[in-house]
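Features reported for this protein in TrEMBL:
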{"type": "COMPBIAS", "residues": "1-15", "note": "compositional bias 'Polar residues'"}
{"type": "DOMAIN", "residues": "206-275", "note": "domain 'PA'"}
{"type": "DOMAIN", "residues": "371-576", "note": "domain 'Peptidase M28'"}
{"type": "DOMAIN", "residues": "634-738", "note": "domain 'Transferrin receptor-like dimerisation'"}
{"type": "REGION", "residues": "1-27", "note": "region 'Disordered'"}
{"type": "TRANSMEM", "residues": "42-65", "note": "transmembrane segment"}
């Protein structure tokens with residue numbers, strides 16, 4: 001109104017000035033300029049015309065805006081759109097929230113652009129370039145780290161940086177590791193020139209030689225049932241089924257003196273018999289001398305050791321050496337299913353006349369390793385990100401172990417950055433590319449990064465996609481993942497063409513009726529995704545193209561491009577391209593949609609399965625004065641919380657940034673709240689009650705209940721009561737977190 005008044009005042013003063021000027025100049029005016037006559041009729045006409053023009057302009061603008069925006073019905077019926085409606089939460093005060101109007105590429109256009117960019121990639125040439133000597137902390141590893149750093153820079157990523165970690169790695173000492181056969185008046189020495197097991201206890205051990213199949217817990221139980229003593233013996237086991245660290249840990253539990261591991265031709269076909277083998281025996285991840293905390297150079301923690309470090313010597317031997325040792329063994333014949341194809345009798349041993357001395361001279365040294373990172377920053381929520389990672393280091397050529405993953409990582413960074421820079425894609429959330437070192441020693445680089453940012457990563461990183469060992473064959477597709485990523489993975493498989501038949505999708509190639517049963521396998525501890533999932537509570541996924549038999553060449557000099565080409569039928573490039581499309585489309589879906597593509601409802605099925613198993617022991621628990629009532633109640637609360645959140649999403653306008661972010665933050669917390677808050681990350685790093693390791697896990701609770709079912713005296717009821725209570729409260733905490741604000745939570749606890 002002030003502006004209008006000043007305008008009127010200005011006109012009045014101008015008229016007065018004109019009169020004054022005219023009078024002073026003798027009223028000499030241009031006769032053609034006449035003042036209009038302001039009759040009431042003219043004034044009304046002007047007002048009506050002005051209102052009509054304004055109304056027409058408003059209608060044109062509104063209709064053009066509506067033409068660009070889908071209707072509620074159209075949005076809700078579109079598979080690629082977000083749910084519509086009104087928000088219950090934040091709806092009372094969102095007047096200051098602006099609706100996001102930034103243009104985004106359509107999903108179909110986006111995935112086609114990505115596919116086209118991968119068609120231009122030459123994965124095999126990169127794999128050749130990266131198959132160099134690059135053991136963690138070595139000069140080759142540092143050189144490759146610099147290569148990755150410079151390539152990230154050249155792609156135009158928003159930011160590129162690296163983390164330095166000072167970690168303790170174990171390597172061969174100046175004195176070779178030896179295995180000596182003692183008996184019958186002869187001595188035979190087997191020296192290992194290159195192969196060894198990192199983090200083995202150094203020293204010597206002598207004992208009777210006992211064959212223990214794969215070294216699983218059930219294998220040692222079978223030996224006990226056959227009255228074969230393992231206490232003080234040197235155990236020889238074949239590789240496969242479980243990781244090397246688990247074999248040594250199981251042998252240590254039954255008080256074996258030392259462990260020898262070999263590769264049996266039955267499990268490792270086409271492996272040269274004199275192949276040396278490398279691995280590690282730390283039953284955990286990260287630097288075992290800084291458990292639960294990061295290995296930065298400024299940390300001043302007192303000396304510590306991971307509980308997963310073995311206290312007995314362990315060493316790999318060649319297939320040929322194993323044949324010579326086992327040919328000397330006598331005693332009972334091993335069960336038929338324990339027999340491989342070494343052309344020996346496969347006796348169980350335990351003969352006092354056949355003694356073996358194991359001497360391990362490994363040394364521990366502190367080395368500097370680098371993790372290299374690059375980021376594409378998101379537009380709407382740049383502080384929320386998906387992490388894509390790959391191991392960079394390797395003992396030996398490491399083609400399938402790390403060269404393929406590093407190649408995929410760089411090609412994905414190149415393609416996704418081109419989508420942003422050249423094609424105008426604007427991801428809602430950020431994408432972090434990570435090149436890890438120390439992977440061969442137990443995901444050391446990745447775990448140290450997680451430990452360094454333990455207090456914040458679960459609030460920011462909503463998913464991890466692992467590219468390690470993505471190409472191991474061509475016939476099958478296998479994956480290990482959080483249940484929250486099953487739906488995303490399944491939808492991705494429906495859109496990526498099979499490398500075996502371009503007319504079919506991977507989903508069709510697998511079989512749509514039971515794709516999860518055929519595809520999902522348990523996540524192993526030596527999988528880099530495991531630390532993200534079980535230590536940090538970040539939904540994670542690893543996947544690989546493979547064959548009927550497991551890839552046999554990990555940790556050997558045979559992990560080379562020739563053998564990988566044989567496994568894939570000379571289609572490494574084609575299969576790597578399919579792997580890039582799988583990972584790339586998951587990344588795009590996680591950064592394109594308003595709602596995070598994390599299926600929080602999947603954990604209802606996991607909880608139901610667990611409660612169903614627990615319910616079988618209800619009578620025994622009642623006799624012990626315990627009840628499953630509150631456990632059932634906690635599961636019910638989680639179920640109700642997921643239903644409430646699903647309804648909130650359906651009734652919310654996810655185009656509203658504040659509402660969308662609030663919902664996504666609740667979804668992001670689900671995995672993290674399945675980490676038990678009642679155990680220390682330093683003493684028990686894998687706190688996840690479903691996928692972790694330790695007495696806090698649901699699996700440990702079930703094992704105790706099974707033991708009680710067999711013999712009540714074998715179970716400490718107080719320990720069992722504590723396990724049941726803490727499992728209940730962990731599940732209840734996850735339900736409470738999913739429910740949202742504290743005033744929305746109503747339970748009997």
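Using the three backbone atoms N, Cα and C, a Cβ is placed for every residue, glycine included.
Helix first, then strand, then coil: DSSP counts for the domain 'Transferrin receptor-like dimerisation' (634-738) stand at 71 helix, 2 strand, 32 coil. Per DSSP, the secondary structure of the domain 'PA' (206-275) breaks down as 19 helix, 18 strand, 33 coil. Confidence across the domain 'Transferrin receptor-like dimerisation' (634-738), taken as the mean pLDDT and rounded to a whole number, stands at 92.
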